[in-house]
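Engineer: Quick paste from TrEMBL:
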DOMAIN    11-161  domain 'Cupin type-1'
BINDING   Asn56, His61, Glu66  oxalate binding site
BINDING   His59, His61, Glu66, His107  Mn(2+) binding site
Amino acid sequence: MQVQAADFFFSGLHLRGNTSNQLGSKVTPVFATQLPGLNTLGISMVRIDYAPWGLNPPHTHPRATEILTVLEGTLQVGFVTSNPDNRFITKVLQKGDVFVFPVGLVHFQRNVGNGNAVVIAALSSQNPGAITIANAVFGANPSIPWDILARAFQVDKSVVDQLQAKF
């Protein structure tokens with residue numbers, strides 16, 4: 001009885017996202033938090049804008065497969081299969097190309113062109129979640145103990161300290 005048309009409407013995917021940041025990318029989500037009508041429907045979408053050489057860094061969606069369509073520009077995309085193979089699957093995409101990232105796998109996109117790039121991606125969950133690998137590992141709060149990270153990445157403490165300082 002309290003549902004309104006506004007619960008099923010979102011405006012703004014036509015607007016270019018601000019890519020003036022360290023990564024040169026901006027994700028504009030349309031999840032159940034932005035569009036309440038998506039709740040329980042198992043779908044959502046994002047617009048991602050990239051400056052020249054902008055990056056959507058390695059991340060995973062623990063609750064969703066992602067399918068991406070390039071609207072503008074040229075992107076290198078890729079994902080890594082699960083253990084024990086850890087195969088790197090990559091492709092350069094042009095306008096109109098589509099690529100899928102299976103649920104839970106670490107993946108990225110990078111603009112490899114000299115102009116801006118734009119994609120629209122659909123996800124198989126109204127709340128797909130996103131875990132950016134570098135932020136999660138080196139920016140955890142409280143910090144993951146340095147000796148665990150040093151051993152896992154096979155580096156010394158100074159490298160761990162340097163990376164943790166960035167996040």
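Cβ from N, Cα, C; glycine included.
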Engineer: Residues other than Asn56, His61, Glu66 within 8 Å, Cβ to Cβ centroid, of the oxalate site?
Structural biologist: Val46, His59, Thr60, Ala64, Leu68, Phe101, His107, Ala121, Leu123, Pro128, Ala130
Engineer: Which whole-number value in Å describes the distance between the Cα atoms of Asn56 (oxalate binding site) and His107 (Mn(2+) binding site)?
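Structural biologist: On Cα coordinates alone, these residues lie 9 Å apart.
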Engineer: Using Cα coordinates, what distance in whole Å links Glu66 (oxalate binding site) and His107 (Mn(2+) binding site)?
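Structural biologist: Checking the Cα atoms of Glu66 (oxalate binding site) and His107 (Mn(2+) binding site) gives a distance of 10 Å.
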Engineer: In sequence order, which residues at least six apart in the same chain have a CB under 8 Å from the CB of His61 (oxalate binding site)?
Structural biologist: Phe101, Val103, Gly104, Leu123, Ser125, Pro128, Gly129, Ala130, Ile131
Engineer: Can you list the residues of the same chain, besides His59, His61, Glu66, His107, whose Cβ falls within 8 Å of the Mn(2+) site's Cβ centroid?
Structural biologist: Thr60, Ala64, Phe79, Phe101, Leu105, Val106, Pro128, Ala130
Engineer: I'd like the Cβ neighbour count for His107 (Mn(2+) binding site), meaning other Cβ atoms within 10 Å of its Cβ, all protein chains included.
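Structural biologist: If we count other Cβ atoms within 10 Å of His107 (Mn(2+) binding site), we arrive at 23.
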